[in-house]
Amino acid sequence: LSSTPLFLHTNEGMGLAFIFHDPYVKFKLEGKTFYKSKVVHKNLNPKWSESFSFPLQDWEQVVDVRVYDKDRTTDEFMGSSTIVIKNLELDKTSEMVLSLEDPSSLEDDMGVIVIDTCLTFRDATIKRPNQKGDQPQDKDQTQDSAEATNMSQLWSGVFGITLLEGQDMPEYSQGDIYVRYRLGEQKYKSKNLRIQANPRWREKFDFNKYENWLEPLNVEVFVKRGRKSEESWGMLVWFEVDLSKLPVNTQQLYTQALDPGKGRLILLATFNPCSDVSISDINKPPLEQPDERDQILEKYSLKNSHKGVREVGFLQVKVFNATDLTSTDLNGKSDPFCVLELGNSRLQTHTIYKTLNPEWNKVFTFPVKDIHDVLELKVFDEDGDKAPDFLGRVAIPLLSVQNGQPVTRGLKNENLRGPAKGTISLVMEVHYNPVRAGIKTFKPKEEKFMEVNRKFSKKVLAQNIYRVRKITLAVLHTLQYIKSCFQWESTQRSIIAFLTFMVMVWTWELFMMPIFLLLLIGWNYFQVTPGRVSSNQDLVSVSSYCTVLYTELESGKKGLMEKIHMVQEIIITVQNILDEIACIGERVKNTFNWSVPFLSCLACLVLFVATAALYYIPLRYIIFIWGINKFTKKLRNPYAIDNNEILDFIKRVPSDVQKVRVQFSIQTEGIP
């Protein structure tokens, strides 16, 4: 955005005087739509309360504001107006009442739309409206611009919003209720709950506080009935002045009223400062400064495990260059830049113009919230006002990082299943506290920013069917083996099984269960050898079966496909359930076969502690302690987030598909 001169910040208001049912607004610049509001269904006085910003290239530009009525076939035009940029005052928020006009309509009064606008300069090197001609930028100006771009990406803290529950909400209707959050480009959606008087979510979402933070935090409650019917029950708008009053590292309880008759929303808000985010030149990495390195290593040392449990570790990434990228411009070149994503944290390099071999030479640092996160590096081609073109990506699990070792990774396509043209060179270093990382493993995993809803795919369905079928066959084979012992198909095997059963029943104690699982993990540890089992074999078998099944689906009768399209939403649900079942089975398997040594070691530690506890403490006492903990948990912490430690642990273990995507197989790709 540093190359774009002007920013227009528009906050839609309310009030359309004409009558229509489902209005929405489009904002256009030079005939191209750059923002489209949500549709307000069946409302004579729609309220959007949306905010956005957009870069402008010229002081003389005019924004076209057009209102439409949403219809199943063709949307009906309901009037338009304009915003003349040169008539706006700089750095001043002003309310504008735009009268809508339609030359082809017989109506004299088409209504009005109310908006707030604020025009600001975001780059000191740009051309002001009273300047004549473009002046070339000198080196100092370019550095200042790059520095301003870097500063705009950094965040100084994290707002934690915990959605607790709703109160006194109407129960007169059927459907689901959920909450959407938005702070700039950071968007979340809560889980769907059945409409009830006091729905309980108990979910937490984190929002980064950026330096140049202008937009408010919007929290809106929605009710969904059926596939397309959606109704807003109220929006809460928190501006910087409200959130800046939050005490540091202290929870603040908020009770916010919704629309009249719609009840209240109960939330907890916290603010945690963050200082481990930075962008610097290649010759000034933080971990190569003796004082800073000692401070970081001390912060995450074992003796300081009890301090700042929220901060698990520190990641430094040196991004040197990329080579042999795909050309996207007519001149055979590209304008590449690189985006680094760790969880919901995002930083990016500057753009190198007209080259296929960019050299960024930048150092990025991130705070590590979860040692099981995956660092993703995505290379894009800048394309002016249009969306950037994707060039390639790589995914690197933090637990696979070899500190200080230069590596060159080949770029992959967007779904990480095939190669893309080009490579990227970098050096990574991660330091973390194993105690904090272990504790975090048994806590709820941070939700990703709201993504586009997944659509039905026959190929994905075929893949998930194969994964579940593979696990089901393994279970059936085990049951068949046990059944064969009962039926004496093999005399020797049946005698051994019978004697083993008698001994186990006679001597069995509960502490033997974790011992058995511990021995199973140990057995697989000695069975694992480099190159013996490759996750690529899983991908080959999955792909070959999916190709066959996909072909069968394609060659099926058209009537079947018509039925699938009619119940598409049900099929998508089945597809996702199959994916979840397959992921759980694969993750349990990968816990025991040392796919992620840290998790397997952690499982060994937990099983060892469980063995000792069950050996020295009678079972009735353990159940007694467990019951007291469950009954007093609500009394000790009224706002505790419900979670299952075992499921939270399993979610950290990669499935077979994730192992392939992030290259968990033991294959050296580093080039020193």
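Cβ atoms are placed via backbone N, Cα and C, with glycine included.
It should be emphasised that the depicted structure is a prediction, and the values quoted were computed from it without experimental measurement.
Per TrEMBL, domain 'C2' is recorded for 1-98, 138-258, 290-411. According to TrEMBL, the feature region 'Disordered' maps to 126-147. Under the heading transmembrane segment, TrEMBL lists 496-526, 596-617.
Beyond the ends of the transmembrane segment (496-526), by six or more residues, the same chain brings 485, 591-594, 600, 603-604, 607-608, 610-611, 614-615, 619 to within a C-beta distance below 8 angstroms of the stretch. Under 8 Å from some Cβ of the transmembrane segment (596-617) lie the Cβ atoms of residues 371-372, 397, 399, 434, 437-438, 441, 509-511, 513-515, 517-518, 521-522, 525, 590, 649, 652-654, 664, all in the same chain and six or more residues away from its ends. Looking at the domain 'C2' (1-98) alone, the prediction's average pLDDT is 73.
As a summary of secondary structure, the domain 'C2' (290-411) carries 16 helix, 57 strand, 49 coil according to DSSP.
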